[in-house]
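Beneath this line is the structure, given in C-alpha cells, with notes to follow.
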Amino acid sequence: MQLNEVKEMRTMNYLKRARLYLTHKKGQSLLMLLIMSAILVFVLSGIIIQNAAIMATNNVTKSAGSTITVSANRNKMFSQMRSSSAKTKTLKTPTVANTKIAKAGKLSTVAYYNITNTASVNASSFDAISTSTGTSSMGGGMGGPGGGTNASSGDISLSGVSSAAHTTTFTSGEAKLVSGRNITASDANTKNVVIEKELASDNSIKVGDTITVKTTATNATKIKLKVVGIYKAKSSSTTMPGSDPSNTIYTSYTLPASISGTAGKSSSVTYTLEDSSKEKATTKQIKNIIDSSSFSVSSNNESYQQLLQPMKNVQSFAKKIVWLVAIAGTIILGLIIILSVRNRQREIGVLVSLGESKLHIVGQLFTEMFMILVGAMVVALLLGSFVGNKVGNQLLSQQQTTSVSSTAASGAPGGGGAPSGNMPAGGMHGGSMMNSQTTTSAANKKALKTLNTSITPSSVIKLGGMGLVIIALAVCLSAVSILRLRPKDILIGE
C-alpha cells in the first residue's frame, strides 16, 4: 500500500477504512467469510439442538406418565398374621378410606388416579372359561354352579376399577374394548360390568344383557350384573379357570368392596402424575395423606427416566459442540488475524506514525470482523437448521438405541418392586406386567423419534452473542502485538 494511500486512509473514519479494506481484499474477505460461516453453522446447530432437547425434555416430563402406587404393605400383613392368636391364620388385606384416596387425587401434580379392588366369585347364569380343557366348565372343582362352593377362590375374578381405560392392561394393548363402553368413574355404586369376548361368545352374552354370579362364602349370595361392554384379551392362561384372562370381569371398584365387606374403602390406588419431575414431592404428600403403616407408597418413573436419559445426553453433547466449536473458532480466527496483522505492519505503522490511535486500529480490525460476522450469520441462518436437524436426529437415534440396549442388557423388568395397582387379581398377572411396561415405553418413544429443531429469536440472539465473543477474543489475541509496539518498532520490523 502506497504512502499517499495510507495518508488518505488516516483522514478517514476507521469504520470506513474497514469497509474499504474488505472491498479491496476480496479474496481474503471471502476466505474469512467461509471460515466464520463454518464456525457459526456448527455453533447454531449446537444451540438449536440444545433448545430442541430442552423442549423434548419438558414434553417427556409432562407425557411420560410416572405413577405412584398405594398398595398393601406385605411385610406388615405377614407380621400381623404371625402375631394373630387365631387358630387359622390368614392374610388380611388392609384398606384405606376412599375419602383419603380422593383427597390425594386432588393434588395439583396428579393428572388422574385409578382405584383398584378385587373379589373372587363363581359363575351362576353362565359358564366360566376353562383353558385346560379348551371348553366351558359347568360347576366342578372350582365351586361353580351346581358344585360345592369355595370360601376363598372362585372361577371368576372381579377387577374393580375407577377407570378401566387407565389400567395397565388396556393402556399396554393387552386388552381392547370391542363393543359397548368401558368402566368409568360414573359407574361407581352400580353393578355394570365389562366382560371378555370369549366368555361372551361361549355364553351368547351381548351388551345390555344381565348375568348372575354368586359369592364364594358358605352362604353364597347371588348378584345380578349388567353387561355394558365387551373387551378382547390378547393373552391366555393354562392354569386355573379363575386366572384365565377371559374370566376377568371389569366393574366399578365399589362392587368388589361391597362383596368383601369393605364398602367405602379400597385396597390399592395408582396415581398418574401431570409432571414426572414432581414425583418425589408428590410421593411425600400422598404418604402424609394416607398416613398408614399398613400401606406402602411407591413410585414408578422408569419410563420417564428411560425417555429422559437420551434427551439429557443429546443436550449435553450439543452443549459440548457449542463450546468446542467456539473455542476452536476463536483460536483459528485469532491465528488468521495475527497473520493478517503481520502482512499489514507497514499500513499499521504508518497510521500510528501519523497519529492514529492504536485502539482505533484495533477497532478497525474488530469492525472488519464484525462485517464478516454479519454475512456469516446470514449463511448460518440459512444452513444451520438443516445441519442441526440432521445432526440432532442422528444423535437422538444413537442415544435411544444405546438406552434400549442398556435396559435390555440389565434385564430390568421395571416397576420399582411395587404392585401396579392396575392388574386384576386373577386376570393378567403372569408376564403381562413386564410386557405392558415395555409396550408403554415403546409407545412413548414414538413421539421422540425426531427432534423439533427450529431457529427461534433466542437462538439468533445466542448466535450473535457467541459470534461477538469469538471475534472479540480473536481480535484481542492479535491486538497484543499492536498495542505493545511503538511506531518505530513496527516500521523497523517491516
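Placement of Cβ uses the backbone N, Cα and C atoms for every residue, glycine included.
Remember, it's a predicted structure, so these values are computed and weren't measured experimentally.
Going by TrEMBL, these are the annotated features:
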COMPBIAS  137-149  compositional bias 'Gly residues'
DOMAIN    321-398  domain 'ABC3 transporter permease C-terminal'
REGION    135-155  region 'Disordered'
REGION    406-439  region 'Disordered'
TRANSMEM  29-49  transmembrane segment
TRANSMEM  321-341  transmembrane segment
TRANSMEM  362-387  transmembrane segment
TRANSMEM  460-483  transmembrane segment
**Chain residues in Cβ proximity to the transmembrane segment (362-387) (below 8 Å; excluding those fewer than six residues from its ends, i.e. six or more beyond)** = 14-15, 17-19, 21-22, 29, 32-33, 36-37, 39-45, 48, 333, 337, 341, 453-455, 460, 463-464, 467-468, 471-472, 474-475, 478-479, 482-483
**Asked** So which residues does the transmembrane segment (29-49) touch in its own chain, when a touch means Cβ under 8 Å and the partner is 6 or more beyond its ends?
**Response** 22-23, 314, 317-322, 325-326, 328-329, 332-333, 336, 369, 372-373, 375-377, 379-381, 383-385, 387-388, 391-392, 395, 451, 453-456, 459, 462-463, 466-467, 470-471
**Prompt:** Apart from its near flanks, which chain residues at least 6 from the ends of the transmembrane segment (460-483) lie with a Cβ under 8 angstroms of it?
**Reply:** 36, 39-40, 43-44, 47, 322, 326, 329-330, 333-334, 336-338, 340-341, 348, 358, 361-362, 365-366, 369-370, 373, 376-377, 380-381, 384
**Request:** Tell me, roughly as an integer, the mean pLDDT over the domain 'ABC3 transporter permease C-terminal' (321-398).
**Result:** 81
**For the domain 'ABC3 transporter permease C-terminal' (321-398), residues assigned helix / strand / coil by DSSP** = 73 helix, 0 strand, 5 coil
